[in-house]
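Peer 1: Sharing the features that Swiss-Prot gives for it:
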- 31-175: domain 'Nudix hydrolase' (DOMAIN)
- 73-96: motif 'Nudix box' (MOTIF)
- Glu90, Glu94: Mg(2+) binding site (BINDING)
- 186-204: transmembrane segment (TRANSMEM)
Amino acid sequence: MSSTTTDSTELQNLIKLFQNCQTHPRQHFPAKSSAVLVCLYQEQREDKNELRVILTKRSTTLSSHPGEVALPGGKRDQEDKDDIATALREAREEIGLDPSLVTIISVLEPFVNKKGMSVAPVIGFLHDKKAFKQLPNPAEVEEIFDVPLEMFLKDRNRRAEEREHEGERYLLQYFDYYSEDKERSFIIWALTAGILIRVASIVYQRLPEFQERKPSFWNQPN
């Protein structure tokens, strides 16, 4: 079976899985509104097809979350008609991803971080990884890398830290990822990890192997 046929089949499977999670496009945006692109693609690994997700390591010169791992994305511009437009624009600006290479599958309910920023996860599928010519914006992105989506359901290379906010105790999840040559390591945590746990749970139709206990403010209506 060709890679094109396999990708097409995987895309149709993903569309079906996310149908029940589809949200209505937001007509009114909170003052603090942003979107991130959860860009999935399929790759042959160890005789099986594996879904992977594209991530970035933020520049250490940024004033906000320097050096942390994040999904491509950012704040909404007034010209953005919806969350999809925001996510695709930011992905182009940050990592050079051509929007024409991505098929949008779904937009999930927004998460809300501790500072009140609404973050809408936009789920996309990259058909041709080789056509994606990585072009990290040095002002924003230090590195582009990818990880297997399923790792966010496993208890391997994971730890949790208890935090408290307005009397509520919750857990922040930390996932350690090591490059294949073992020379680089990344920590994927907090809201980024929470979004990817949610996406992986939908795709693989199962709960994580660990206790999640996420903060309730992540899912406040806005």
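One-based numbering along the chain as shown.
In case you wondered, yes, glycine gets a Cβ from its N, Cα and C as well.
Describe the structural surroundings of these features, if you would.
Peer 2: DSSP places the residues of the motif 'Nudix box' (73-96) in helix, strand and coil in these numbers: 13 helix, 3 strand, 8 coil.
Counting every protein chain shown, the Cβ of Glu90 (Mg(2+) binding site) has 25 other Cβ atoms within 10 Å.
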Peer 1: With DSSP as the reference, give the number of residues of the domain 'Nudix hydrolase' (31-175) in helix, strand and coil.
Peer 2: 24 helix, 70 strand, 51 coil
Peer 1: Please list, in sequence order, the residues in the chain of Glu94 (Mg(2+) binding site) that are at least six apart in sequence and whose C-beta is under 8 Å away from its C-beta.
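Peer 2: Sequence-distant Cβ neighbours: Thr56, Pro72, Gly73, Gly74, Pro136, Asn137, Glu140, Val141.
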